[in-house]
Amino acid sequence: MGENLPLLLSAALGKKVNRPPVWMMRQAGRYMKIYRDLRERYPSFRERSENPELSYEISMQPFHAFKPDGVILFSDILTPLPGMGINFEIIESKGPIIEDPIRTLNQVENLKELSPSESLSFVGEVLTSLKKDVNNEATVLGFVGAPWTLAAYVVEGKSSKNYSLIKSMAFNKPDLLHKLLDHFAKSIGEYLKYQIKSGAQVVQIFDSWAGQLSPQDYDIFAGPYQKKVVEIVKAEYPETPIILYISGSAGVLERMAKTGVDIISLDWTVDIEEACKRIPRGIGIQGNVDPGILFGNKESIKERIDNTFNKIKDRKYILNLGHGILPGTPEENAQTFFEHGKKLTY
């Protein structure tokens, strides 16, 4: 990979660094006025995320504003679905709507194999431009949704509070669900490889809804498919660091560590000292800062960052929030998060 690597990539690879890198999940988005202004001109989320010029511009907005150590592709975890024959729309304030939810064997068997270079070439274009223009001043990140979370969306047909439809499938027709999960694992593995080939230097897997599973069901329906995605990627790109994020993961941290990922991204509901004891030392840790703290004053933000970092100084760590930054967060508080984060030293 050569030396003079950007800080986040160096840290993710386990190299000695002077300070923890800092970026934020959803750092490009609604809390930024420049994004809201662009959204007025381009109200369709799918257009913003699938038009390469717009996706590139939005991805770069926080880089120009705050100079984070990571620049993440502006996209969505559902973006690869149409390439498998599953159409969706994202409705403002309602979230994603799947036009034809997947609930039968016939539907699963008729899903297309994902060919990222054909159906997702716009993603490749954006990542290639980001890699060139960021020019190692920051690390370019790609991301995907994990099989369980994608399945939850396509079976439920929309966001859900209790996941009754996919859980009904899990406990009544487990073979059908496993077939769907396996299809997603292969496709998502290929999609991640395409992102890396196009310019992503670190990638993150979001299994946002795996925290809705009991630990024993995580071992059946989520963990094995996360592992399969990781194995597909590592077979071709063994050096590329992979981060795994699950919302509500306090009950499954040890299980996450067994998937083969390099870094575990924590939400804010687990004490970071406890997490350090439960996650093997060879695995890095990211996040854990409550995004709600960014509604506080500057001193409370700085204090929380210091408090978090002091508990994890002897571990590989990437400063981040425990969830995406929330809409309505004051931009100057995001600025404080980045500025103070960059003052930390090992």
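Each Cβ is built from the backbone N, Cα and C atoms, and glycine gets one as well.
According to Swiss-Prot, the residue from H178, H323 that belongs to the substrate site alongside R26, Q27, A28, G29, R30, D76, Y153, S208 is H323. Counted over every protein chain shown, other Cβ atoms within 10 Å are most numerous around H323 among the binding-site residues R26, R30, H323. H323 (substrate binding site) falls outside any helix or strand according to DSSP and counts as coil. Of all the Cβ atoms in the protein chains shown, 18 others lie within 10 Å of the Cβ of D76 (site 'Transition state stabilizer'). Here D76 (site 'Transition state stabilizer') is positioned 14 angstrom away from R30 (substrate binding site), judged by their C-alpha atoms. Around the Cβ of A28 (substrate binding site), 25 further Cβ atoms fall within 10 Å across all displayed protein chains. Note on Y153 (substrate binding site): other Cβ atoms within 10 Å of its Cβ, all shown chains, come to 26.
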